[in-house]
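Annotated in TrEMBL:
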- Cys66, Cys70, Cys73: [4Fe-4S] cluster binding site (BINDING)
- Phe72, Glu178: S-adenosyl-L-methionine binding site (BINDING)
- 52-289: domain 'Radical SAM core' (DOMAIN)
Amino acid sequence: MLTSELLPIWEKVERGKRLGFADGLTLLTTPDLLGLGFMADRVRRRLHGDRAYFIVNAHLNHTNVCALNCKFCAFAVKPGHPRAYTLSLEEIAEKLRPLQGRGIREVHITGGINPKLSFSYYTDMLRLVKEILPDVHVQAFTAVEIDYMSRLFRMDVSEVLARLREAGLGSLLGGGAEVFDPEVRLAIAGHKTDAERWLEIHRIAHGMGIRSNASILYGTIERPEHVVDHLLRLRELQDETGGFDAFFGFAFHPENTPLARERAFPRETSGMYDLRILATARLLLDNFAHIRVLWMMTGLKLAQVALYFGADDIDGTVIEEHIIHDAGSEAPQGLTKEELIALLREAGRIPVERDTLYRPVAVYA
């Protein structure tokens with residue numbers, strides 16, 4: 001039985017009426033977490049039934065040197081720092097060669113904003129991935145990285161994207177969105193690519209036929225109205241382009257971050273808030289086919305619960321990830337395909353192995 005505050009919203013959902021800002025605030029703040037989960041799960045079930053998706057993928061974090069000053073990040077360091085690294089092409093090749101013959105379908109590439117790297121470094125890296133793993137889809141670079149390349153190398157965004165695609169880029173990453181509200185963004189990310197520019201870069205990519213994902217960073221200093229505004233702005237762009245494949249949330253991991261040192265964050269996000277974000281997103285983002293829970297962010301057990309709070313995708317094997325682990329994630333460094341299949345089956349779902357664009361590869365009924 002839904003509470004009196006949720007029932008009118010559910011009636012809108014049942015009638016196919018789009019939810020608005022006030023509805024989003026109610027969803028994100030309701031004390032009836034189970035009612036919220038019920039609603040989100042019903043919407044998910046209509047779209048996907050008992051199926052839940054995963055991908056066999058690997059991560060490549062080519063450098064942790066970064067010119068930005070994001071206070072939520074534990075991965076990035078300044079040039080000359082003892083922990084600084086930038087992989088040479090040969091070092092990248094050494095990481096990629098062991099992946100041959102392992103059924104990898106996607107290589108996920110992102111790193112710091114390193115001002116020492118040439119544009120040819122990025123294109124050569126993409127070509128190298130396709131040379132060693134010719135059948136993989138390369139999902140690489142956030143809008144922030146594309147913005148940086150455009151400004152540093154004095155090219156239009158469309159030219160940057162065209163040259164990267166020629167070198168092997170398949171689609172863009174969804175990171176770098178953080179929180180669109182300008183005050184929150186300034187406080188946690190400094191003068192990073194702003195919301196309008198982030199959205200515009202994805203708009204340009206979608207217009208070129210390059211698909212992407214969308215995200216939010218939550219658990220820092222944002223308020224409910226900031227989250228709802230962020231989701232609605234993503235929905236608006238999706239109405240316009242239809243180019244987003246999935247939405248996911250990055251839960252703030254405070255360990256080793258400047259923001260935690262400044263504001264003394266006591267702990268990570270609660271499981272309750274993780275579930276609220278996903279469920280609210282499923283209900284507000286009515287034009288997104290997929291809501292993804294990042295098991296590396298939430299942990300494996302909560303990721304299973306999230307499959308009943310609107311999520312239909314549990315991400316992938318995530319071989320060789322550093323950014324989240326540097327911020328204190330205690331999740332495994334990677335999972336095997338068999339472990340992901342078991343995880344989904346234990347949650348009562350039919351595992352579907354997918355590719356980057358959500359085309360089914362195998363169903364493990």
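Heads up, the Cβ atoms here are built off N, Cα and C, so glycines get one too.
Shown on the structure are the features that TrEMBL records.
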residue	record	contacts (Cβ under 8 Å, 6+ apart)
Cys66	[4Fe-4S] cluster binding site	Cys73, Ala76, Val77, Lys78, Gly112, Ile113, Asn114
Cys70	[4Fe-4S] cluster binding site	Ala76, Glu178, Ile188, Ala189, Gly190, Lys192
Phe72	S-adenosyl-L-methionine binding site	Glu178, Ile188, Ala189, Leu217, Thr220, Phe252, Thr257, Pro258, Leu259
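Close to the recorded [4Fe-4S] cluster site, the chain also has Leu68, Asn69, Phe72, Phe75, Ala76, Gly112, Ile113, Ala189: residues not among Cys66, Cys70, Cys73 whose Cβ is within 8 Å of the site's Cβ mean position.
DSSP assigns Phe72 (S-adenosyl-L-methionine binding site) to coil, not to a helix or a strand.
Cβ neighbour density within 10 Å is lowest for Cys73 among the binding-site residues Cys73, Glu178.
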